[in-house]
Amino acid sequence: MFCYQCEETMNGEGCTKNGMCGKKGEVADLQDDLIYVLKSVAFYNQKARKAKISEEITDDFMLDALFSTITNTDFRATGIQERIDRGFELRDEIKQKLLDNNALDESDLPEIATVTPENLKDRNTGILATENEDIRSLRELLIFGIKGIAAYGHHAMVLGQTNKKVLSFIEEGLVATTDDSLTDKNLVSLVLRCGEKGFDIMAALDTANTGAFGNPEPTEVNIGTRDRPGILISGHDLNDLKQLLDQTEGTGVDVYTHGEMLPANSYPEFKKYEHLVGNYGGSWWHQKQEFESFNGPILMTSNCIVPPKKTYMDRIYTTGSVGFDGVTHLVAKDGKKDFSAIIEQAKKCEPPVQLEEGSIMGGFAYDSVLTNADKIVDAVKSGKIKKFIVMAGCDGRHKDRQYYTDFAEALPKDTVILTAGCAKYRYNKLGLGDIDGIPRVLDAGQCNDCFSLVIIAQGLMARLGFIDVNEAPISYNIAWYEQKAVLVLLALLRMGIQDIVLGPTLPAFVSPNVLKVLVDEFNISPNTNVEEDMERLLK
Ligand code: FSO
Ligand code: SF4
């Protein structure tokens, strides 16, 4: 195995035996095979798309299969192998259809098009198969961004939203990583286009979420517990939450959100449910303690799942692209999921142990913030708000992420943090106060709601008369962990945002030369320490 796709990769270089995340070497190798097969599917489906004979079933498959390989998503060899088998099946069906429609010239097929279940093991599907370090770096950067697109695309798709151009780009990008004629310049431009498509897919997901559940509104989210049994729902899939809330209504079972599901509490549609009690615990990596003390069943709707402890193995469930050996996986039938087994189990469980009390504020997506834009603009004009700091992205378990708590605490009182993603848990309970009623932490939602932060930034800047977003009083101190955050970063770069500070470490997959391009073009830099970063970010 060789995997270096996330921030906690071994020694900042690459996991080679088992993953630091708990992924087994066998699964990592199968994931490489799966990505290889997906490139083959992409090759044929690009042609099918051109011939207007591509089918939605391929899009569904592609999004789920790519999503399953994201850090902390599907840890099962069986889960990945099934997708490899399905990939071959689908690929052969597409190929046959192309032949039936005279839309395929079989005389000149590239190597990727000729992979079969039999010869797959003879192919070198690993990341290191690309010898040139810079080409490898750019190819993987592109693939990781595409994985991020797939995850957001999948959440949008289950709510009936899609973007054909983005789906087509996924195929173009995957095939491009097999094309030896492409130069590093060609690949850089594809990587930036990936960022553009990332923005488009986040927009599609926003349309899906707000269309189905309304525009998030400023909400005090309870972080305490009640004395009834509960179900804890984690991950990013709001459609799963909706179905769970409907099915638990009137059963005497409460529902709590965990991790990235926290923002759901601010959507009007979900606020209607009296038995949605609030949010329990912190970000993804606290699972081992918090799932234990929750006492009731837990439903994981996406990453990040942490290898579960035996103590709660019998009451954790997965659905969608996420999976773990020994954990019951629930699948949809005709778009509906049956959560009755979870609900029945919950009834027999003790109520959750209360970990904290009080509330945290959420719901500051673009609609609610820009509705109150005048107030914010006035505060900027009068000098009460001097700077906005975007501190979006991921949380992670390494001790050095304490930096983000320290940084947030050290920020002067005339600054406002704009956040989205699970990075917020490093400072959303600090009680950083407000500026004339404007909270100093404006939480737009999940990591995909970084889309909202861009719209907020653009909206505020337009009202303040800035034309270039880099002239505005906004700085970026971004925390990354997995591939969705890679996509968000690419989206920000594509918007032309300069001077992003990235941490807690730089991606292992960015080679020195590729880093030089990022520095030269975007002045991106690693975070250092609170004092130094404060100085340059507040400049
Ligand atoms: Fe966090 Fe995990 Fe949303 Fe990521 S839960 S780390 S960027 O999967 O997806 O922010
Ligand atoms: Fe290592 Fe991260 Fe890959 Fe897991 S996802 S194997 S921790 S690089």
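The backbone N, Cα and C atoms fix where each Cβ goes, and this holds for glycine too.
Curation does not apply to TrEMBL; its annotations are automatic.
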Site co-member for hybrid [4Fe-2O-2S] cluster according to TrEMBL, given His236, Glu260, Cys394, Cys422, Cys447, Glu482, Lys484, out of Cys194, Cys304: Cys304
Tertiary neighbours of His236 (hybrid [4Fe-2O-2S] cluster binding site) (same chain, Cβ under 8 Å, six or more apart): Ala151, His155, Glu260, Met261, Thr301, Ser302, Gln446, Cys447, Asn448
Using Cα positions only, nearest of the binding-site residues to Cys6 ([4Fe-4S] cluster binding site) (Cys304, Cys394, Cys422, Glu482, Lys484): Glu482
Cβ under 6 Å from ligand 2: qualifying binding-site residues of Cys6, Cys304, Cys422: Cys6
Closest of Cys3, Cys15, Cys21 to Cys394 (hybrid [4Fe-2O-2S] cluster binding site), Cα positions, binding-site residues only: Cys21
Cβ-centroid neighbours of [4Fe-4S] cluster site Cys3, Cys6, Cys15, Cys21, 8 Å, sequence order: Tyr4, Gln5, Glu8, Thr9, Met10, Gly19, Met20, Lys23, Ala28, Thr71
